[in-house]
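Working notes for the structure below.
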Amino acid sequence: MGEPSPVLEMTGIRKVFPGVVALDGVDFRLFPGEIHALMGENGAGKSTLIKVLTGVYDIDGGDITLGGAAVRFTGPLQSQKAGVSTVYQEVNLCTNLSVAENIFIGREPRRLGRIQWGLMRKRAAELLARLDLNLDVSASLDTYSLAIQQMVAIARAVDVSARVLILDEPTSSLDASEVEQLFKVMRRLKEEGVAILFVSHFLDQVYEVSDRLTVLRNGKLIGEYKTAELPQVQLVEKMIGKELAVLDDLENKAQRTRAKTAEAAPILSATGLGRTGAIAPFDLTINAGEVVGLAGLLGSGRTELARLLFGADRADSGTLQIDGKDVTLRSPQAAMKHGIAFSSENRRTEGILGELTVRENIILALQASRGWTRPIPRRKQDELVDKYIKALQIRPADPEREVRMLSGGNQQKVLLARWLITEPRLLIIDEPTRGIDVGAKAEIQKLVAELSDGGVAVLFVSAELEEVLRLSHKIEVLRDRRLVEELENTEGVDADRIMQTIASGATS
Amino acid sequence: MTTVDMTPATNKSNSPTNPRRRVYLPNTKYIPILATLTLLLIMYFTGVANYRNFGQPSVVVNLFRDNAVLLVVAVGMTFVIITGGIDLSVGAVISMTTTLTATLLAGGWPPLVVLPLVLLLGALLGAGMGAVIHFFKVEPFIATLAGLFLARGIALFINQNSIPIRDKLWKSLSEYRIVLADGVVTKVTSVTAVVVVLIAAAVLAWTRFGRNVYAVGGNADSALLMGLPVGRTKIAVYTLSGFCAALGGVLFSINSTSGWALQGQGLELDAIAACVIGGVLLTGGSGYVFGSLLGVMVYGLIQTIITFQGDLNAAWTRIIIGLLLFGFIVLQRVVTRRAK
């Protein structure tokens, strides 16, 4: 084909970690003026490839050419100098400094050793204007939203070196309009001839913005495709390497098991339960084996409601019955005694203890519920942990690995395992699938369905309506910290119907 | 003067379309420093209203004379704390410097050799601690605690007793009076301290090194990924703090024309307190030399008031500083939380 020559070409890249081949003969090309998505499940080798490209890791085999010349990066600084810049998911800027400083620090315009603040601010404003951003460049960065901070990071990156820009999960914490703004910036840069490598878990975004994509699986190259020529379903199949039958199978399951759960005894029922400032009083009944979905926008009170049921926050009105008896949940421990488990939305800060091993993390809640004076025998621990590592397909299947070494999806599974091991009767899971890839998502959804079949009630909190619809028997719709509607998940209910409810509660 | 880089007034012309900046409300960054300034003014005018002669210029000038050492040490400490570190060794470095200076001078060493030598030693000790902190990832608290013991030990090893200084240069520096105005005189040490403050403020605001200090304190990992010399900056601030402590020691030996190994005990804590009261954030990333200056002034003014009152126990200095520290730490918390 009459293609221009690639600005970056990686051939036969091989990277081995002790016991794992992270990249096995991977080829990757990046052309000037294109947005190229790098796709793959967690653990497929995306991060490793990026780290190789940015010089964080040295390679064990293969060649990298940048602009036609062979290169070998020994550190992020060196790759940056050669023209490869990276903007990570967590914005790596100093938020205590001003916008202008964040763009120019280390490269400030100076005269006689003295920083020329005026000139620096002028240049920063011009640079941002090129990206259609109008900011007060002398304001400190922490006065701006994460989305803006990210764009400042991009501005810095392209100003430092404008040939190759790597965006690693830039959109995972942005809302829809911010994503649009980011895409606008990306397209602008593309027109200027920058080659952009884009990593995202959101397939829609990949299809909206990318020209070409490369799929990795288990450290191997699956292929390079033009985005427009590869249907989404085929892409997902290539990423997870199996048919999507699992998901299709789930579709009708909720309805099939509905009759059974509707008649089951209620495990938990709340009447007028509420907490001032967090969630208005609500009624809610959850039966054994029932999957109840909580739908609503960010900040609509989903997490707040869940926290009340787990005793993480105390209700200041209403009553809560568990198995028909009135209870007051003073603490999470009290809820755990009643067989309620809560898997937190914030796996990094509230759930996972990164320094501990997989085994220690999984065993934590069970140990806590037994009390620390009665340690679980090591053999029993190993037995339980092995069982759940297998059941949830946690990878790598090494109970002694530190959890922080695992990918996001696998951390989420460890967190789930921690609660499953306590054999709860009601499992509350808050955003279990955020920031994890399609394959792991499907596995977690499948797991929820299996739990429900086994008689465990699940309160499923998710921002993704499709997911809520697929799994739930009934759906509680929240809006402005108020439970506005309860919907039986029958034939007529779809995402539009729920969105209507979320939107139409707009009386205030 | 140190804050010139951040004031919106200097760059209004840059963003005519964006009047986001509130003119009437101070930036949250300046709240602690403004609080200290307000406190200082209240204290000063309370003193003027209650005590005869408190309003004379010499009271203010003497603040600089009496606290020159603390001021110089606090300047070095400010750099360290802005990077998110701490330097516990400064008091001990002072004692080591005074003892060594007095001993060498008594031994007949030329003063113009002794002076650079002791300053270099202080800087070297600081650099050593900085290197340990950076290369071995040791907590600054521990590394500088080791430095504290080391410096104090060296001082005690040299001589446990107070050593008088009879050197001509030291004597004349000690006795030299600079007339600022009619009846208002000050000493070489105060002028040195003020010069140090001015230079340090300029360095923080207008040099790459200064800005790197803020970046390292804001987020060291990010700073590294942005290609900033994080290690070099860290080592440099401890070197600077060591240098400032040694300079403080020299000023001490000039003021007292003696050297003593038990000099400057607890001075590191006074310096840290002055920084915190002056609005330097203990977690790093925020603060100004000007703030630390105000902190030292608050400290000195409390002592002055107690002296003027006459019947108050000197322990009140500590009690008030303790209360102020609590107050300012809570203020910092509130301010940083609101900024988030």
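Placed from the backbone N, Cα and C atoms, the Cβ positions cover glycine too.
Annotation comment: TrEMBL describes B:1-18 as compositional bias 'Polar residues'.
Residues annotated as region 'Disordered' in TrEMBL: B:1-21.
The feature transmembrane segment is assigned by TrEMBL to B:30-51 (among others). Remote same-chain partners of the transmembrane segment (B:30-51), defined as residues 6 or more beyond its termini with a Cβ less than 8 Å from a stretch Cβ, comprise 3, 59, 277-279, 288, 290-291, 294-295, 297-298, 301-302, 304-305, 308-309, 324, 328, 331-332, 335.
Annotation source TrEMBL lists transmembrane segment at B:63-82 (among others). Long-range contacts of the transmembrane segment (B:63-82) within its own chain (CB-CB distance under 8 A, at least 6 residues past either end) are made by residues 90-91, 94, 140, 186-187, 189-190, 192-194, 196-197, 200, 204, 213-214, 217, 237-238, 240-245, 247-249, 251-252, 255, 264, 267-268, 270-272, 274-275, 278, 280-282, 284-289, 291-293, 295-297, 299-301, 303-304.
Counting only same-chain residues 6+ beyond the ends of the transmembrane segment (B:113-135), those with a CB under 8 A from a CB of the stretch are 85, 87, 89, 93, 96-97, 100-101, 104-105, 143-144, 146-147, 150-151, 230-231, 234-247, 249-250. Positions annotated as transmembrane segment by TrEMBL: B:113-135 (among others).
TrEMBL lists B:141-158 (among others) with the feature transmembrane segment.
Per TrEMBL, the feature transmembrane segment maps to B:179-206 (among others).
Panel annotation: around the transmembrane segment (B:235-254), residues 68-70, 72-73, 75-77, 79-80, 82-83, 85, 87, 89-91, 93-98, 101-102, 115, 118-119, 121-127, 129-131, 133-134, 140, 144, 165, 170, 173-174, 188-189, 192-193, 196, 209, 213, 263-264, 267 of the same chain, lying at least six beyond its termini, place a Cβ under 8 Å from a Cβ of the stretch. Taken from TrEMBL, the feature transmembrane segment applies to B:235-254 (among others).
Counting only same-chain residues 6+ beyond the ends of the transmembrane segment (B:275-302), those with a CB under 8 A from a CB of the stretch are 1-3, 29, 31-33, 35-37, 39-40, 43-44, 47, 63, 66-67, 70-71, 74-75, 77-78, 81-86, 197, 200-201, 204, 214, 216-219, 316-317, 320-321, 324-325, 328-329, 332, 336. What TrEMBL lists as transmembrane segment is B:275-302 (among others).
Residues or ranges marked as transmembrane segment by TrEMBL: B:314-335 (among others).
Taking Cβ pairs closer than 8 Å, the transmembrane segment (B:314-335) reaches residues 28, 31-32, 35-36, 39, 273, 276-277, 279, 281-282, 298-299, 302-303, 306 in its own chain, all 6 or more past its ends.
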